[in-house]
Amino acid sequence: MASKLLRAVILGPPGSGKGTVCQRIAQNFGLQHLSSGHFLRENIKANTEVGDMAKQYIEKGLLVPDHVITRLMLLELENRRGEHWLLDGFPRTLVQAEALDRLCDLDLVITLNIPFETLKDRLSRRWIHPPSGRVYNLDFNPPHVHGMDDVTGEPLVQQEDDKPEAVAARLRQYKDVAKPVIELYKSRGVLHQFSGTETNKIWPYVYTLFSNKITPVQSKEAY
């Protein structure tokens, strides 16, 4: 195992397969997969101060502002100073990236570039189990029973912003907000971009990249 703690971030638009790639990285390299969405749900559920602040925005259908999500994530990262980790969903904006700079230096930033039309198709086929955050896709990750969560058997829902008419606007917004973040990490020489439509084809390159930074915990690539 490398003596230096690995600090990595994964960027990508909604529907890019970030969650799947994160799971594989965590499984193969023993990194903690730290998801901003997961921490938001946990803090809202626990009625923490920052969770209550975030809830006020979410209930109004608003984006959680930079200062709230940054406070939440920096608190979580402070508690994990001794761990290798992979950040997913943070930083989303330049303000968030600059706040993260004050805590640590990043070793790797990977961004997934997926064609616009592919993302639109994927998102409109996406259904979720809100209590857990589990995501299903009717094409490549369908539930065992149509419309039902595999673990609990509870009904799945399609988010309003996953409906086709909302998807294009979300993708445009992501592109506008993410561009300066991507440029920042590119200028520092830590950005690695992966393009394609299938996670299984991108994965070997991601595996090789991480293998050069940290010793895999498994002897072969886990799919």
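In case you wondered, yes, glycine gets a Cβ from its N, Cα and C as well.
Taken verbatim from Swiss-Prot:
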REGION    35-64  region 'NMP'
BINDING   Ser36, Arg41, Leu62, Leu63, Val64, Gly89, Phe90, Pro91, Arg92, Gln96, Arg170  AMP binding site
MOD_RES   Lys60  N6-succinyllysine
REGION    125-162  region 'LID'
MOD_RES   Lys175  N6-acetyllysine
MOD_RES   Lys179  N6-succinyllysine
MOD_RES   Lys179  N6-acetyllysine
MOD_RES   Lys186  N6-succinyllysine
MOD_RES   Lys186  N6-acetyllysine
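Sequence features annotated in Swiss-Prot and their locations in the structure.
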| residue | record | CB count, 10 Å |
| --- | --- | --- |
| Ser36 | AMP binding site | 20 |
| Lys60 | N6-succinyllysine | 7 |
| Leu62 | AMP binding site | 9 |
| Val64 | AMP binding site | 19 |
| Phe90 | AMP binding site | 25 |
| Arg92 | AMP binding site | 19 |
| Arg170 | AMP binding site | 17 |
| Lys175 | N6-acetyllysine | 12 |
| Lys179 | N6-succinyllysine | 11 |
| Lys186 | N6-succinyllysine | 14 |
Between Phe90 (AMP binding site) and Lys186 (N6-succinyllysine), what is the CA-CA distance rounded to a whole number of Å? 17
Helix, strand, coil residue numbers for the region 'NMP' (35-64) per DSSP? 21 helix, 1 strand, 8 coil
Counting by DSSP secondary structure, give me helix, strand and coil numbers for the region 'LID' (125-162). 3 helix, 12 strand, 23 coil
Can you tell me whether DSSP puts Arg92 (AMP binding site) in helix, strand or coil? coil
Cα distance (Å, whole number) from Lys179 (N6-succinyllysine) to Arg92 (AMP binding site): 10
Whole-number Å only: compute the distance from the Cα of Lys186 (N6-succinyllysine) to the Cα of Val64 (AMP binding site). 26
Smallest Cα-Cα separation from Lys179 (N6-succinyllysine) among the binding-site residues Ser36, Val64, Arg170 is shown by Arg170
Let me know the largest Cα to Cα distance in Å among the AMP-binding residues Ser36, Arg41, Leu62, Leu63, Val64, Gly89, Phe90, Pro91, Arg92, Gln96, Arg170, as an integer. 21
Mean of the pLDDT scores, which run from 0 to 100, over the region 'LID' (125-162): 89
